[in-house]
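The annotation compositional bias 'Low complexity' is assigned in TrEMBL to 24-39. Taken from TrEMBL, the feature compositional bias 'Basic and acidic residues' applies to 46-61. Summarising the annotation, TrEMBL assigns region 'Disordered' to 1-73. Residues or ranges marked as transmembrane segment in TrEMBL: 93-114, 134-157, 188-216, 236-258, 265-285, 316-335.
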Amino acid sequence: MSDVNGSHPAALSGGTAGGGSPNGSGPASAVAGPPAGDTTGTGGRNTREDDPAQRRDRDNDPGENGAARGYAPGRTLPLGVEVVRQFKRRRTLVMFGLLLALPWILVIAFKLGAGSGQQAASLRISDLATEGALNFGAFALSVSANFLLVVAVALFCGDTVAGEASWSSLRYLLAAPVPRDRLLRQKLIVAMGYSAAAVICLPLMALLAGTLAFGWNDVRVPGTGEIIPAFDVLPQFAVVIGYALVSQFVVASLAFLLSVGTDSPLGAVGGAVGLVIVSTILQAVEALGSLREFLPTFWNTAWLDALAPQPEYDGMLKGVAVSITYSAILVAFAFRRFRRKDVVS
C-alpha cells in the first residue's frame with residue numbers, strides 16, 4: 001500500500017531497513033572506517049613503542065649471540081681505567097719514588113766520597129761515574145739493572161692479577177663480564193707499560209742529576225779511558241736503555257705467569273726475583289761452558305759494548321733473542337693457565 005504521496009514505505013525510512021545510512025548515502029558499516037589520510041589502518045593511533053617498560057624489555061632481550069643488547073666485549077675494562085687503578089696503588093707510587101730518588105742518593109754518596117779523599121784513580125765504571133752526566137747515567141743503570149729494576153718489573157707484573165685475586169675482586173671483573181683473554185691482555189699491557197716507565201725514568205733522572213752535579217761532559221769509556229763526544233753517545237745511550245728494557249722481559253713474563261697461578265702477589269714477585277738470583281749464581285759457574293749463554297741474565301751487561309768507540313751489538317742481539325724467546329713461551333703459558341683457571345676466591 002502506498003502513502004498519500006505515492007512513495008514506497010522503504011523510502012520513508014531513508015534506506016535504513018536495507019542497511020543504508022540515515023542520510024541515504026548508501027550502506028554503512030557499524031564500525032566507522034579510518035579517517036581521511038590514514039593509510040595505516042590504525043585509526044590514527046601512534047604505533048611507536050613510547051612506553052618506557054616496552055623499551056626496557058626490548059633492550060634487555062638477548063641478541064643473536066645470547067648476550068644482552070648493548071654489550072660489547074671490546075669495550076670492557078678500558079686501558080685508561082686499568083692505568084688509573086694501578087697508579088692509585090701505593091706500591092706504584094712508592095716504587096717510582098724510589099727509582100726517581102736513587103740517582104740523587106748516588107750523587108750525595110759520590111760527593112761525600114770525594115770529600116773524604118779515598119777515591120782511587122781507575123777505569124772502572126764506578127770510578128768514572130763523576131766524569132759527566134752520561135758516565136753517571138751509565139753507572140746508575142749498571143748498579144740498578146740487576147736488582148732494583150728487577151724488583152720493580154716483578155712488582156708491576158707479579159701483582160697485576162694476583163693482587164686482584166687477593167682482594168677478591170678478580171671474580172667480580174670476570175662477572176662484569178670481562179672476557180678472560182681481554183682481561184689478561186689489558187693487565188699485561190698496563191703492567192708492561194709501567195715496567196717500561198720504570199726502566200726509562202731511572203736513567204733519565206740519572207742524566208738530569210749527573211748534569212747538575214758533574215756537568216755535561218764528554219764520555220770516558222770504561223776500561224780503555226777513551227774520550228767520545230757526549231752528543232755522539234746519545235743515540236747509543238738510547239739503545240742501551242732500550243736493551244735494558246728488553247732484558248727485563250723474562251722477569252716480567254715469569255712474574256706474570258706466577259701471578260696468574262697464585263693468589264699471593266708476594267709469591268709471584270719473589271719467584272721472579274728468585275729466578276734472577278739463581279741465574280746469576282749459575283752464570284758464575286764456568287763449568288757450564290757455553291750453556292751459560294742460555295741463562296736469562298747472561299747477556300744483561302752486553303749493553304756496555306754499545307758505549308765503546310766502535311760499538312758492537314752481537315752480544316745484545318743474542319740477549320734480545322734469548323729474552324724474547326723465553327718471554328713468548330711464558331706469556332703463552334700464562335694465557336693457557338688463566339683460560340682454564342677456576343676463579344673461586
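Count begins at 1; order follows the chain as displayed.
Glycine too: its Cβ is placed from the backbone N, Cα and C atoms.
Touching of the transmembrane segment (316-335) and the transmembrane segment (134-157) is ruled out by the presence of fewer than three CB pairs under 8 A, sequence neighbours closer than 6 excluded. Packing against the transmembrane segment (134-157) from elsewhere in the chain are residues 86, 91-92, 95, 98-99, 102-103, 106-107, 125-126, 128, 188, 191-192, 194-195, 198-199, 202-203, 206-207, 209-210, 213-214, 217, 219-220, 222, 230, 233-234, 237, 240-241, 244, 247-248, 251-253, 255-256, 259, 268-269, 272-273, 276, 280, 297, 300-301, 304, 307: each is 6 or more residues past its ends and has a CB under 8 Å from a CB in it. Long-range contacts of the transmembrane segment (265-285) within its own chain (CB-CB distance under 8 A, at least 6 residues past either end) are made by residues 146-147, 150-151, 153-155, 157-159, 162-163, 166, 250-252, 254-256, 258-259, 292, 295-298.
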